[in-house]
Amino acid sequence: MSHSTHPYQKELEVATLAVKRASLLTKQLSDSIVQTAKSGTLTKDDKSPVTIGDFASQAIINHAIKLNFPNDEIVGEEDSRELQENTGLADQMLQLITKIQKETSGYNDIVGTLTDKNEVYQSIDFGNSQGGSKGRFWALDPIDGTKGFLRGDQFAVCLALIEDGKVVLGVIGCPNLSENIVSNEEHSGVVGGLYSAVKGVGSFYSELFKEGAEPLSQQKRIKMQNHTNPSQLKVVEGVEKGHSSHSTQTEIKAKFGFDSATVAKQTINLDSQVKYCVLASGQADIYLRLPVNETYREKIWDHAAGNILIYESGGQVGDVTGSPLNFGNGRTLDSKGVIAANKGIFDKVIDAVTEVRK
């Protein structure tokens, strides 16, 4: 299927502009939080900046989807109850949305505008779908990587379209991600990346803060590498130890054949679905997210967009048994953990996971 003939052109345009607008808002908010923290006026327990960012991002994107595809459902992370109980937060959020709509006024004809709090509440609550294996719905994570967002580090705005339980389109805005990631310390190139994938078409990279929605033909096609030798491989993992079992992941790398003297340099720690973007663009080879406990179930919005990005760039994604992730199970995945790798080593990675988890 070519760049210009795929059946999701309108969906991709709407998703791209909505994610760009939400990414710009969350980037500005994250930067201001970091500055406030440096001045000592932000307390550790103050969750309001994240709350505002989450709600504003979800409102912008949900509004754009419902404006263009009124029959589509949305599985979103937030509902508006907390916001309606705190009019101060709601006022701050509406000010941010109004500001960003003016700064991206060229997008208004396609993604629309929000003008009052009730409209914002309604848009947020469009995200109440339970998902499922039939029909068409979107999965949204308005700010993926909360800790990274607060640190001024990596976070992402993630949107995916799911049809009959299968992801067919994904868009991930990465406001703080450099184009080139060599190690935890070495980042270079343009900061701010937009990663998109369409089923049967491919995965693509473009500059996040470049105005408008570039057609795929003008974007950079990205592909995973086919490295197989452990000395060549790089692994992406989360930063927060509460989200995945780093100790188990260390054992898996050893079992796979990583050299203990170099494995630390071969591991890149990143918050959010930017890990999928680094993998899909060929800058890493394995993504490990082992469950911290056996009862935890991943949310679909944490993986849907990244899932199609990996497949369309030539990789493979599964749970700890290697089975494909099931996005038709409702709001959560019915499996444990997430593993992604290039197709040449995926089965070997799963073998190592199985050995360690015995």
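All positions are counted from 1 along the displayed chain.
Cβ atoms here come from the backbone N, Cα and C positions, even for glycine.
According to Swiss-Prot, the protein has these features:
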| type | residues | note |
| --- | --- | --- |
| ACT_SITE | D54 | active site, proton acceptor |
| BINDING | E77, D141, I143 | Mg(2+) 1 binding site |
| BINDING | E77 | Mg(2+) 3 binding site |
| ACT_SITE | T146 | active site, proton acceptor |
| BINDING | H243, S272, K275, R289, D302 | AMP binding site |
For the binding-site residues H243, R289, work out the Cβ neighbour count at 10 Å and name the residue with the minimum.
H243
Residue, out of the recorded positions D54, E77, D141, D302, whose Cβ gathers the largest set of other Cβ atoms within 10 Å:
D141
10 Å Cα neighbourhood of D141 (Mg(2+) 1 binding site): matching recorded positions from D54, H243, K275, R289, D302:
D54, D302
Sort out the sequence-distant neighbours of I143 (Mg(2+) 1 binding site) for me: same chain, 6+ apart, CB within less than 8 Å of its CB, listed by position.
T26, V50, G53, D54, S57, F149, F155, A156, V157
Using a 10 Å radius around each Cβ and all protein chains in view, which of these recorded positions has the most neighbours: T146, K275?
K275
Which chain-mates of S272 (AMP binding site) that are at least 6 residues away have a CB under 8 A from its CB, listed by sequence?
D144, G145, G148, Q154, F155, A156, C158, C174
With AMP as the bound species and H243, S272, K275, R289, D302 as its recorded binding residues, calculate the greatest Cα-Cα distance and give it in Å as a whole number.
14
